[in-house]
C-alpha cells in the first residue's frame with residue numbers, strides 16, 4: 001500500500017513543515033481553503049539568515065493553520081553534527097576541501113523531530129517543500145516513516161491540482177494578495193540558499209552552470225574572501241577537545257555545545273573558512289553542484305583530524321577514514337539512523353573519538369588558508385626522539401636492528417621481481433629504455 005497521497009486529504013489533519021517563505025505560506029493557505037486542516041511545524045535550526053523565529057508560527061496562524069508550533073532542534077542538530085565530525089562522516093570532497101554534509105544532518109534532525117511533534121498532536125499526514133528531483137524528498141520520507149510508521153505523505157508539489165493553480169512564485173504571490181495578505185516576493189537571487197547553524201548550501205539557478213563560480217555567491221556565514229576589498233587579518237585560535245568533544249575555544253570553556261559552535265562559526269566565518277565548491281552525485285545518481293559554507297565545523301574538524309593523526313596508529317586511521325566515507329554516504333542518503341550507520345558511527349565514537357583529548361593552535365588567514373602552530377595531548381604517540389636525526393641516548397633501535405629489518409624485506413622483494421618477470425613473459429608488461437620499471441627480460445636485473 002502506498003504511503004504517498006496524490007491529492008489533498010480534505011477534512012483531515014495535515015502537518016506541513018512551515019518555513020514562513022512564499023512556497024509554504026501559499027501551500028498552507030491553499031490547503032485550508034481547499035478543505036484540509038493544516039498544522040504548521042517550524043524547526044529552529046539556528047539558521048543564520050532567519051531574524052525572528054517566533055514570528056513564523058504567528059504568520060502560520062494568520063494563513064489558516066489550526067495550530068502552529070516552533071520546535072527547537074538546535075541542541076540535537078549540534079549533537080548530530082559533532083557525531084558526524086567524530087566519525088569523519090564526510091564523503092564528498094574536491095582537492096582536499098570537504099563538504100561537511102550539513103544539509104543531510106539537518107534533514108535527519110528535522111525529519112525526526114517534526115514528525116515526532118506531529119505525532120503528539122495526532123497528525124499522521126505530513127507535507128514539506130521538497131521537490132521530486134532532489135535528495136530531500138527521499139530523506140524526509142525515510143526519517144518520517146522511521147519516526148511514525150502510520151505516517152502518510154502529502155506533498156503539494158506532487159499534487160497536479162496545486163501545480164496547475166499555483167505553479168510558480170508569481171502565481172503564489174498573486175494568490176496571497178487576492179486572499180488579503182500583502183505578501184511580496186523577495187528579490188530573486190541568482191541561486192537558492194538553504195541553511196542551518198552547521199552550514200549553508202547555495203545551489204540551483206545560475207549555479208547550475210559550471211561557468212558561474214563562487215564569486216556570484218554572497219556568504220551568509222562568513223566573508224567573500226576572494227574579494228581583495230575584504231580586509232581579513234590573520235588570527236590565532238586554539239581548540240580543545242576532551243574525549244572527542246570540543247569543549248573550549250581560545251581557553252574559554254563552553255558547557256553548551258550550541259554556544260561553542262556559534263563561536264566557532266564566528267571565528268571561522270571571519271576568514272571564510274570552510275567554503276567549498278563541489279560536484280556530487282545525488283541519491284538518484286544524477287550529478288549536481290553546490291557551494292557550501294561551514295566555518296565552525298571546518299575549524300573543529302581541522303583540530304580534530306590533527307589530534308587523530310597524532311594519537312592513533314596508521315591502521316586505525318585508515319579504518320576511520322574508510323568507515324567515515326561509507327557513513328558519510330549513508331548520511332547523505334537519509335540513512336543516518338539505519339543499523340549499519342549506527343554501527344559505523346558508534347565504532348568511531350568509541351574507539352577513535354574517546355582518545356581525542358588535547359589542544360590544537362592554528363593561524364587562520366583567508367578562506368581555507370591556515371597553518372597549524374601547535375599540537376598538545378597527553379595521548380600523543382608522536383615522539384620525535386624516536387626518529388631524531390640527532391644522536392640520542394637509549395635509542396629505540398640501532399643500525400644493526402635496521403639491517404635485520406631490511407634483510408627481512410628481501411623475501412617480498414624477490415617475490416615482487418618474480419611476479420614482474422611473469423607479467424613480462426605473458427606480455428602484460430613490456431619494459432623499455434625509457435621506463436622506470438626495472439629492465440626485466442630474463443628474470444635478472
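The backbone N, Cα and C atoms fix where each Cβ goes, glycine too.
What Swiss-Prot says about this protein:
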- 17, 18, 19, 20, 21, 22, 23, 24, 25, 43, 129, 131, 136, 194: ATP binding site (BINDING)
- 99, 135, 139, 192, 201, 203, 280: L-citrulline binding site (BINDING)
- 131, 135, 136: L-aspartate binding site (BINDING)
Site with most surrounding Cβ atoms, counting all protein chains shown within 10 Å, from the binding-site residues 21, 129: 129
Same chain, 6+ residues apart, C-beta under 8 Å of the C-beta of residue 25 (ATP binding site), given in sequence order: 18, 59, 60, 63, 172, 176, 181, 183
Residue 139 (L-citrulline binding site) - helix vs strand vs coil (DSSP): helix
Cα distance (Å, whole number) from residue 280 (L-citrulline binding site) to residue 131 (L-aspartate binding site): 18
Fewest-neighbour residue among binding-site residues, criterion Cβ within 10 Å, set 19, 131, 135, 192, 201: 131
Neighbour tally for residue 17 (ATP binding site), based on other Cβ positions within 10 Å of its Cβ: 22
Beyond the site residues 131, 135, 136: chain residues whose C-beta lies within 8 Å of the centroid, for L-aspartate: 130, 132, 133, 134, 137, 138, 139, 140
Integer Cα-Cα distance in angstrom, residue 203 (L-citrulline binding site) to residue 129 (ATP binding site): 16
Annotated ATP contacts 17, 18, 19, 20, 21, 22, 23, 24, 25, 43, 129, 131, 136, 194, maximal Cα-Cα distance (Å, integer): 19
CB within-chain contacts under 8 A for residue 99 (L-citrulline binding site), separation at least 6: 90, 92, 93, 276, 278, 280, 290, 292, 294
Cα-Cα distance maximum in Å, computed over every pair in 99, 135, 139, 192, 201, 203, 280 that the record assigns to L-citrulline: 19
